[in-house]
Amino acid sequence: MSFVLDLYLIGVPWLHVLLAPYTKVEESFNLHATHDVLMYGVKPDALQHYDHRVFPGAVPRTFIGSILLAWVASPVARAAAAAEMVSQKADLQVLVRLVLATVNALALCLLRRAVSHRFGRLVSWLFVAFTISQFHLPFWMGRTLPNMFALFPVNVALYYLVNRSPNSVRPSAPAFHRAIVLLTCTAAVFRSEVALLLGPLVLQGLLRRYTTFGTLLKVGFIAGTCSAVLTTLVDSYFWQDFPLWPELHGVFFNVVEGKSAEWGVLPYHTYFTSFLPKLLLGSLPLAAVGFLLDSRVRVLLFSHLCFIALLSCLGHKEWRFVVYVVPAFNIAAARGATWIMTRPKSKLLVRLSVLGTVGLIALNFAVTALLTLASIDNYPGGEALSMFNAYHANETHVHVHMSNLAAQTGASLFLHTHAPPFLSDLTAPPNRNWVYDKTEHLTPQLLTGSKEVTHVIAECDGGSSPLPAGFPSSYWRPVTSVSAFDRWEINPQLPEVAKRRGRGLVEILSVLVRPLEMVSSERLVVLERKG
């Protein structure tokens with residue numbers, strides 16, 4: 001049974017990767033850094049080809065996660081190529097994301113074992129059920145956000161805090177120190193907001209005598225210093241800017257200078273009233289039950305609740321900043337559900353409790369299904385470039401310009417399948433000298449006047465013409481268009497079904513099984529130069 005539960009924790013994130021293989025702009029730095037390390041290597045003469053050097057201006061972020069991901073993915077890619085499971089660069093993007101999803105899932109598998117040890121087998125089963133039935137964590141575990149690189153060490157740290165006997169009042173000092181080391185390194189290297197999770201945990205450890213102040217100071221100082229030196233040396237090399245500590249630079253840029261506010265400011269309560277319910281879905285009320293009824297859960301959630309409260313003081317808020325708390329809250333939800341299902345003496349109450357818990361998990365799956373279907377249809381740039389590569393695969397002289405929307409919604413370097421670099425273990429395509437151009441601020445007039453541009457993946461303007469404004473029909477013809485998700489609407493046939501006007505049973509059922517319909521609209525169009 002334990003093996004089956006682990007398969008669920010690994011298989012569901014894999015399914016999300018395979019269903020939605022493309023990426024968006026927030027994932028692009030780490031994805032392209034992984035591509036560059038994988039394709040070019042890390043020698044000094046390779047750095048000039050890196051995407052952040054070709055297109056400068058990005059806010060510095062650490063390369064450490066991308067380097068580790070590329071190094072882990074490299075032997076997997078070679079083995080997959082030898083087995084003919086991958087054949088082109090686009091396949092490598094899926095493989096890299098599967099590797100990242102697997103690494104993060106393995107941390108959850110480790111945590112599940114600790115939950116079983118601490119809270120019992122039923123709690124561990126429900127922990128898995130709540131985790132895989134939610135949308136955000138499984139969907140994003142295989143996406144190259146900096147937060148997803150931080151997720152693995154944060155969950156391993158949580159494992160060290162949870163993995164003890166049911167009646168233990170405190171983790172062992174070595175386990176607590178390992179958790180502090182992991183969180184310190186994560187805050188210094190990957191995501192600085194993790195320091196706001198580390199701080200309350202340190203305070204809790206001192207107040208509950210998990211360790212001594214002197215030992216904690218020594219452990220934190222060594223871990224922090226080593227992490228700062230490592231990231232400064234590695235990232236100064238890749239960014240060619242010494243000294244550079246990306247996370248410190250990010251804190252100064254976003255917090256001290258207040259630049260993050262330019263991306264929007266939300267009220268203090270947003271994490272508690274909007275983002276946490278969105279992340280947890282039906283698990284939230286059960287997490288509240290677990291918090292109220294089990295002191296072990298209250299101790300576990302103390303640092304996580306403090307983390308959210310502290311992070312709420314910053315005006316700019318995003319769900320991914322607090323994604324690290326989801327496993328801890330799922331433990332609380334599993335404990336609450338277990339109490340509800342095992343506490344009643346009456347058979348009727350037991351059945352109602354089980355039915356209620358199953359209903360909440362089913363609600364999670366239903367919401368996740370809707371969000372997943374919408375997300376699959378939300379990467380028009382990746383869809384357009386993949387279609388373009390397949391449609392024009394036999395052409396030799398191709399220079400395609402990709403609009404900003406295309407570049408932001410999936411047209412990544414891994415989809416430049418007909419242009420170098422190529423992994424040595426993969427067979428390069430016969431036509432391998434295409435030009436993929438994502439230069440910004442080029443008007444239709446400039447693109448039309450540039451004779452070397454043979455194709456354009458342009459943004460649709462919503463007009464009645466098949467060509468976007470500014471592209472004259474005497475020079476361009478549309479090849480295909482790509483739509484993307486807009487919204488969900490109630491099936492317009494549903495009211496008629498309720499009245500059963502002249503409809504057979506089969507027709508009624510066909511409408512009832514799809515009460516919602518997805519509404520999409522054209523976002524991108526592939527244009528080809530005439531003549």
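Every residue, even glycine, has its Cβ placed from backbone N, Cα and C.
According to TrEMBL, the signal peptide annotation covers 1-19. Long-range neighbours of the signal peptide (1-19) within the same chain, counting only residues 6 or more positions beyond its ends whose Cβ lies under 8 Å from a Cβ of the stretch, are 94, 97-98, 101-102, 104-106, 108-109, 112-113, 116, 124-125, 128, 131-132, 138-139, 141-142, 372, 376.
The transmembrane segment feature in TrEMBL is assigned to 63-82 (among others).
Listed by sequence, the residues of this chain that lie at least six past the ends of the transmembrane segment (94-111) yet keep a Cβ under 8 A from its Cβ atoms are 5-6, 9-10, 13-14, 16-18, 21, 23, 31, 34, 38, 69-70, 72-73, 76-77, 80, 86, 127, 131, 141-144, 148-149, 151-152, 155-156, 158-159, 162, 327, 414. Annotation source TrEMBL lists transmembrane segment at 94-111 (among others).
For 215-239 (among others), the entry in TrEMBL reads transmembrane segment. Sequence-remote contacts of a segment are chain residues at least 6 beyond its ends whose Cβ falls under 8 Å from one of its Cβ atoms, and for the transmembrane segment (215-239) they are 33, 42, 47, 50, 52, 60, 62-64, 67, 173, 177, 180-181, 184-185, 188-189, 202, 205-206, 245-248.
Counting residues 6+ beyond its ends, the transmembrane segment (271-292) has Cβ neighbours under 8 Å at 130, 133-137, 298, 301, 308, 311-312, 317-319, 322-323, 325-326, 329-337, 339-340, 357, 359-361, 363-364, 367-368 in the same chain. Sequence annotations record features per position, and here TrEMBL assigns transmembrane segment to 271-292 (among others).
Residues or ranges marked as transmembrane segment in TrEMBL: 299-315 (among others).
The transmembrane segment annotation in TrEMBL covers 321-340 (among others).
What TrEMBL records for 352-376 (among others) is transmembrane segment. A Cβ distance under 8 Å defines the sequence-distant neighbours of the transmembrane segment (352-376), meaning residues of its chain 6+ beyond its ends; these are 16, 19-20, 126, 129-130, 133-135, 139, 281-283, 285-286, 337, 340-341, 343-344, 485, 488, 516, 518.
Counting same-chain residues at least six beyond the ends of the transmembrane segment (299-315), those with a Cβ under 8 angstroms from any Cβ of the stretch are 161-162, 193, 196-197, 199-201, 204, 208, 255, 260-261, 265-266, 268-272, 276, 287, 291, 321-322, 324-325, 328-329, 331-332.
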